[in-house]
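Database features, via TrEMBL:
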- GLY11, SER12, GLY13, LYS14, GLY15, THR16, ARG128, GLY173: ATP binding site (BINDING)
- THR32, ARG37, ASP58, PHE59, VAL60, GLY86, TYR87, PRO88, ARG89, GLN93, ARG134, ARG145: AMP binding site (BINDING)
- 31-60: region 'NMP' (REGION)
Amino acid sequence: MSQILMMGPPGSGKGTQAALIADKLGIPAISTGDIFRYNVKELTELGREAKQYMDNGDFVPDDVTNRMVEDRLAQSDATEGFLLDGYPRTAGQVEALNNILDNQGKTLTAVLVLEVPDDELVQRLLARAETEGRSDDTEEVIKHRLELYHRETADLVDAYLKDGIVARVDGTGMIDDVTERLLQAVYNIRARTGTLPVIRPRKDQ
Ligand code: B4P
């Protein structure tokens, strides 16, 4: 089973790569940002609550986000593994995820951290603003999101170092090349932690 986190600053390619990697590994990609955006669009109560924070580039409060993730991870398609994109982003979310996994008798198998220089991140998000028009892709809000990432999220990865499951991956260059690097990183972690799938001989061999 694969329980994977995709971490990295806004614009590092988390959403882009999460979908590709999850597809290759046959597990669902679960993006907290996408779930929030869907709820904003559908004008649900969760969406109304999240919108003000997202528009300002702030984190949606932990209690709301943690409950949402717990519910999502309890759904049947996530029982055989999942790739979480954009969660956890705060120390409170790290703790909540530990509790959720403990209750399910699971552990994380890989933590992938995409690394891209800040100036390239700003360029990517401003380019996206022109095509997608996301309300949180203005220059001022992008800078705030980056600052929040460096202050609250970047160091969270340290909590997973002792488990030997962290890989920092260069997120620059062609999208396909980044995907290859990430898949190689997952393979290396599996080899290191002894979680490579066991290939058994067929009964008739
Ligand atoms: P997210 O949806 O996670 O948005 P993001 O950080 O900007 O990453 P995204 O996935 O969109 O961008 P990507 O790097 O793929 O969060 C949005 C908001 O939701 C947050 O600000 C917060 O308010 C809220 N939220 C979400 N999770 C939360 C949590 N856990 N707790 C509290 N609040 C939460 O791609 C960016 C751009 O780069 C794209 O245009 C893409 O095409 C491009 N790109 C990707 N790879 C590239 C490459 N190799 N080269 C060039 N361009 C590339």
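From the backbone N, Cα and C atoms, a Cβ is placed for every residue, glycine too.
Residue counts for the region 'NMP' (31-60) under DSSP, helix first, then strand, then coil, are 22 helix, 1 strand, 7 coil. With respect to their backbone Cα atoms, GLY13 (ATP binding site) and VAL60 (AMP binding site) stand 20 Å from each other. Ligand 1 lies under 6 Å from the Cβ of the following binding-site residues, listed in sequence order from LYS14, THR16, THR32, ARG134: LYS14, THR16, THR32.
In the predicted model, the region 'NMP' (31-60) shows an average pLDDT of 95. A count of other CB atoms within 10 A of each Cβ picks out GLY13 as the most crowded of the binding-site residues GLY13, GLY15. Nearest Cα neighbour of THR16 (ATP binding site) among the listed binding-site residues (ASP58, VAL60, TYR87, ARG89): TYR87. Spacing of ARG134 (AMP binding site) relative to ARG128 (ATP binding site) is 8 Å (Cα to Cα, whole number). The Cβ of ARG128 (ATP binding site) has 14 other Cβ atoms within 10 Å, all protein chains considered. Of the listed binding-site residues, namely THR16, THR32, the sparsest Cβ surroundings within 10 Å are found at THR16.
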